[in-house]
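Participant: Annotated domain 'NADH-Ubiquinone oxidoreductase (complex I) chain 5 N-terminal' per TrEMBL: B:63-108, in sequence order. Residues annotated as domain 'NADH:quinone oxidoreductase/Mrp antiporter transmembrane' in TrEMBL: B:124-407. Annotation source TrEMBL lists domain 'MrpA C-terminal/MbhD' at B:608-672. Marked as domain 'MrpA C-terminal/MbhE' by TrEMBL: B:682-762. As annotated by TrEMBL, transmembrane segment applies to B:30-55, B:75-93, B:105-123, B:128-147, B:159-182, B:267-288, B:404-426, B:447-470, B:564-581, B:625-644, B:684-704, B:744-763 (among others).
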Amino acid sequence: MRTVIFATAIRILTPLFLLFSLYILFRGHNNPGGGFIGGLIGSIAFIFHTLARGPKDTVDTFLSLTLRIADRMPGQSRPAYLSQMLKANLVGRKKELPDQWRQHSLRLRPLFLIALGLLIAVSSGTFSFFRGEPYMTAWWPDTHLPVLASLGTPLLFDTGIYLLVLGMVLKMVFTMSRD
Amino acid sequence: MLFALLAGFMLSFLAPVLHRLLGKLLVVPMVLFPLALFAYFCTQLPGVLAGNVLLQGYAWAPSLGINLQFRLDGLGLLFALLVSGFGALVMLYTKGYLGESPLLGRFYLYLTLFMTAMLGVVLSDNLFCLFIFWELTSITSFLLIGFDSDKEEARTSAWQALLVTGAGGLALMGGLILLNLATGSYTFSALLNGEKFMATHPLYLPATLLLLLACFTKSAQFPFHFWLPNAMAAPTPVSAYLHSATMVKAGIYLLARLGPVLGGTEVWQMVLLMVGTATTLLGALLALQYTDLKAVLAYTTISALGLMVSLTGIDTPLALKALLVFLLAHALYKGTLFMVVGAIDHSTGTRDAQMLRGLGPHLKLLAAAATLAGLSMAGILPFFGFVGKELLYEATLHSPRLTWWAFGGAFVSGLAFVAVASLLSYGIFWHKASVSTPVKHAPSFSLYLPPLLLGLLGLLLGLSPSSLAAPLLEQAFQVIASTTTELHLALWHGFTTIFVLSLVTVSLGVLLYFLLPRLQQLPITYQRLYQNGPNKLYHLTFKGFLKGAKAFTRRVQGGYLRNYMVTIVLFFCCLLVFVLWRDAPAIDLSQRVHLLQEVRLYELVLWVLVMAALLYLLNTRSRLTSIVVMGLVGYSAALFYILFGAPDVAATQLLIETLTVVIFVLLLHKLPAFTYLSHQYRKYKFVFVSVLFGSLMTYVLLLVQEHAVTSELQQFYGKASYLQAHGRNIVNVILVDFRGFDTLGEITVLAVAALGIFALLRLNPEKGGKR
């Protein structure tokens with residue numbers, strides 16, 4: 001499957017797929033779609049990327065974040081230090097690292113996604129406690145946003161399903177494609 | 001109260017994180033939280049003392065009667081104060097005992113979780129709410145006993161405690177449901193205010209027996225007592241907190257709570273008296289034979305729990321009064337003694353009574369605490385234990401049933417308590433010895449302060465029983481006795497028969513103490529009895545169960561996927577054939593033939609496509625081809641869904657097909673080459689099964705069309721979907737809102753399945769297990 005055309009096209013298509021999956025997730029309440037379908041589409045985006053470039057590349061590109069960290073200089077004030085950190089991490093990341101800088105790698109593991117999804121889904125139902133209603137009574141605050149339409153706890157629940165499905169498929173595929 | 005419990009759960013799960021952040025200072029929030037709870041409950045004191053009952057309720061699943069309802073009355077407040085106050089001291093003590101352990105955060109997690117669950121038990125008004133917290137205490141007890149998970153003893157004991165109390169939990173569930181069926185009420189408040197549950201009711205006996213079973217397992221009554229001594233494998237703070245002062249008293253609490261509802265009958269009184277006193281005698285006799293101080297304390301605890309159960313069984317106002325006083329006194333001195341033993345163990349490295357000599361001069365404060373608690377346990381005059389013992393004798397002597405049996409139990413255990421108390425205070429600390437046990441390091445402040453405080457409290461309550469303890473005990477008494485008799489506590493009753501009996505107990509008990517070394521040197525007399533007792537039975541059952549499960553699994557789970565499939569499908573077919581044969585609904589096919597005229601061209605095309613694909617699938621020998629063809633069939637099914645107007649289902653089907661194909665392709669190269677191993681006739685068997693299944697399903701679908709079910713559900717969802725749930729996509733609204741709870745269950749299963757798949761895929765037996 002590692003053809004040049006596929007590998008090149010996937011670079012552009014994966015973010016589009018992801019965006020589309022989010023769109024499907026949010027439109028689910030009024031039109032065909034929803035968390036489950038959205039999660040599947042999102043995972044297919046990653047799977048195609050994995051097929052084209054291998055699991056390691058997918059993890060490095062989408063599911064990990066390398067932070068650049070340096071110790072605070074003596075005499076450097078806290079805000080100055082923070083702005084320096086932000087600048088180093090946001091601007092000019094392609095540049096070589098100076099000597100005294102370290103790299104700190106954060107990885108988003110699929111199992112974490114599963115757990116996070118379940119946590120979000122379970123806790124979306126607890127909002128109703130604060131308003132004295134039974135568990136999982138939906139709550140729709142009066143907001144109207146573009147694309148998202150209106151926000152409510154069922155949407156949060158759906159997001160939980162999205163993350164869980166995504167994590168589940170990713171876990172399976174990453175485990176299987178590793179030799 | 002709900003927020004107090006929620007805060008407890010949150011804090012407990014934060015404990016490991018806090019341990020990382022705060023390091024040794026972790027103890028500060030962990031002690032402050034129970035203290036804050038204690039203060040909160042103290043602020044409720046004036047209201048409760050005035051006779052008010054505080055009720056709070058939050059709806060959970062109101063249609064099932066399951067709600068988070070809490071009730072704070074005299075009894076609940078007594079236990080809540082005990083749990084939270086004791087909790088603060090134990091948290092502090094833990095720092096001294098386990099302060100160096102890298103797993104301290106996890107220990108605090110379990111301990112705080114337990115404390116919260118225990119508070120939930122004593123505050124619950126709703127029956128099912130009580131059940132949930134009750135089970136949570138069993139689970140946290142399991143985690144705490146098994147805390148030293150690298151020791152086999154700890155693991156076995158933890159299992160044992162979980163299985164025994166878990167079985168009791170099942171009985172509790174059954175009992176509560178029966179109680180609810182018979183009386184129609186879901187809360188204790190309703191039970192107490194409603195009519196009495198009559199003994200003549202057909203459900204009375206099963207409900208009562210089940211509830212008693214639950215209480216007996218939790219409170220370690222004979223023949224379920226064996227888990228408690230084994231549970232001493234837990235770290236000492238756990239033994240002091242769970243297995244002497246609070247959790248094992250949950251059974252007593254429930255008995256006292258249910259007394260006004262279920263009590264007063266012959267069954268209730270006889271069962272409780274027989275079992276309680278048998279436990280008392282057993283505990284007292286076994287306590288004298290052990291030299292491990294924790295085992296000695298465990299058996300005296302069993303004995304004391306037996307006494308409390310028989311007091312519930314005597315069921316007179318006097319006995320219930322004695323129950324409350326003895327319960328408080330016991331919690332105070334037994335918790336102290338456990339902490340003292342733990343501290344001795346910590347600083348000398350042993351807790352064998354024969355090795356410990358003359359510690360008094362080295363560990364002065366600890367010795368003071370042990371002496372205070374020992375005097376209270378022995379029932380010496382100015383201590384609270386004395387008040388308890390006087391009442392105990394009086395109540396058993398005036399028992400309406402089995403008077404001598406009950407009194408005998410109380411008397412024998414009294415002797416054993418005096419002997420054990422002398423051993424723990426005098427024998428270890430003050431007995432003159434030529435060589436005293438070397439003390440490796442002095443116990444830290446947090447190891448001796450909590451027992452000392454508790455011991456002093458025992459003295460203080462004893463000195464002025466009428467002003468300090470009486471008001472709260474009186475409110476608790478009125479809850480469990482459902483009378484308005486006043487409760488008077490006094491230290492000195494005059495020179496009565498009871499006092500003489502007390503004197504006799506103390507003197508005989510001291511005599512028994514001097515005989516103790518001889519008793520302990522004898523081989524354990526009832527060892528043979530004990531070896532073949534309930535503990536043995538438990539282990540036999542446990543092993544038999546494992547063996548049976550293995551044999552069963554070997555038989556049923558052959559490991560061939562095709563056999564599983566055939567079994568499932570054939571069983572389903574049998575059920576279908578049975579139902580069709582029984583109801584024998586016929587289809588008039590001739591009326592439907594004309595429907596075939598309405599088949600549209602593109603439907604026909606799809607049908608031909610699917611048929612051709614299936615025929616091809618049956619004859620191909622390449623895996624890749626079969627996967628692709630299966631994908632084709634799946635996509636065609638999705639197209640059918642679109643044609644019949646179910647876009648959500650179609651989208652899901654399309655995506656799932658894509659994923660299936662991709663995952664198969666990923667796995668394909670790991671499989672061995674495709675070869676025919678099975679005989680030709682086996683193939684025909686499979687063909688037969690699939691044809692049978694397919695035709696049956698078709699028949700059923702046609703039937704369904706014929707006798708369409710009229711339902712208002714569709715209209716209801718159609719209307720309510722937008723108006724109530726703000727969504728136009730009915731399918732999704734049902735999934736995330738109307739039936740959200742089902743979805744929650746499904747995704748939980750999905751998450752668990754993901755863990756299982758992960759474990760299976762990582763397992764590589766050929767490479768020697770885990771990769």
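Using N, Cα and C of the backbone, Cβ positions are placed for all residues, glycine too.
Please go over these features one by one and say how buried each is and what sits next to it.
Facilitator: The DSSP breakdown of the domain 'NADH-Ubiquinone oxidoreductase (complex I) chain 5 N-terminal' (B:63-108) into helical (H, G, I), extended (E, B) and coil residues amounts to 32 helix, 7 strand, 7 coil.
Look at the domain 'MrpA C-terminal/MbhD' (B:608-672): DSSP puts its residues at 55 helix, 0 strand, 10 coil.
Tertiary proximity for the transmembrane segment (B:30-55) is limited to same-chain residues at least six positions away from its ends with a CB under 8 Å from its CB atoms, namely 4, 7-8, 11, 15, 69-74, 77, 80-81, 84-85, 87-88, 91-92, 94, 108, 111-112, 115, 119, 125, 189, 471-472, 475, 478.
Here the transmembrane segment (B:75-93) has long-range neighbours at 27, 30-31, 34-35, 37-38, 41-42, 44-45, 48, 108, 111-112, 115, 118-119, 122-123, 237, 240-241, 245-246, 249, 253, 256-257, 324, 328, 331, 335, 339, 342, 446-447, 449-451, 453-454, 472-473, 475-476, 479-480, meaning same-chain residues at least 6 beyond its ends whose C-beta is under 8 angstroms from one of its own.
Outside the transmembrane segment (B:159-182), and at least 6 residues removed from its termini, the chain residues within Cβ reach (under 8 Å) are 65, 127-128, 130-131, 134-135, 138-139, 141-142, 145-146, 191, 197, 201, 203-204, 206-211, 213-218, 224, 226-227, 230-231, 254, 261, 538, 542.
A Cβ distance under 8 Å defines the sequence-distant neighbours of the transmembrane segment (B:447-470), meaning residues of its chain 6+ beyond its ends; these are 89-90, 92-93, 96-97, 325, 328-329, 332-333, 335-337, 339-340, 342-343, 346-347, 363, 365-366, 368-373, 376, 382-387, 487-491.
With a cut-off of 8 Å between Cβ atoms, the residues of this chain six or more beyond the transmembrane segment (B:625-644) that come close are 602-603, 606, 609-610, 613-614, 616-617, 650-651, 653-654, 656-658, 660-661, 664-665, 668.
Beyond the transmembrane segment (B:684-704), the same-chain residues lying 6 or more positions past its ends with a Cβ under 8 Å from any Cβ of the stretch are 562, 566, 569-570, 572-573, 576-577, 580, 585, 587, 589, 592.
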Participant: Could you give me three numbers for the domain 'MrpA C-terminal/MbhE' (B:682-762), the DSSP helix, strand and coil residue counts?
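Facilitator: Helix (H, G, I), strand (E, B), coil: 68 helix, 0 strand, 13 coil.
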Participant: Would you mind giving the whole-number mean pLDDT across the domain 'MrpA C-terminal/MbhE' (B:682-762)?
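Facilitator: Taking every residue in the domain 'MrpA C-terminal/MbhE' (B:682-762) and averaging pLDDT yields 82.
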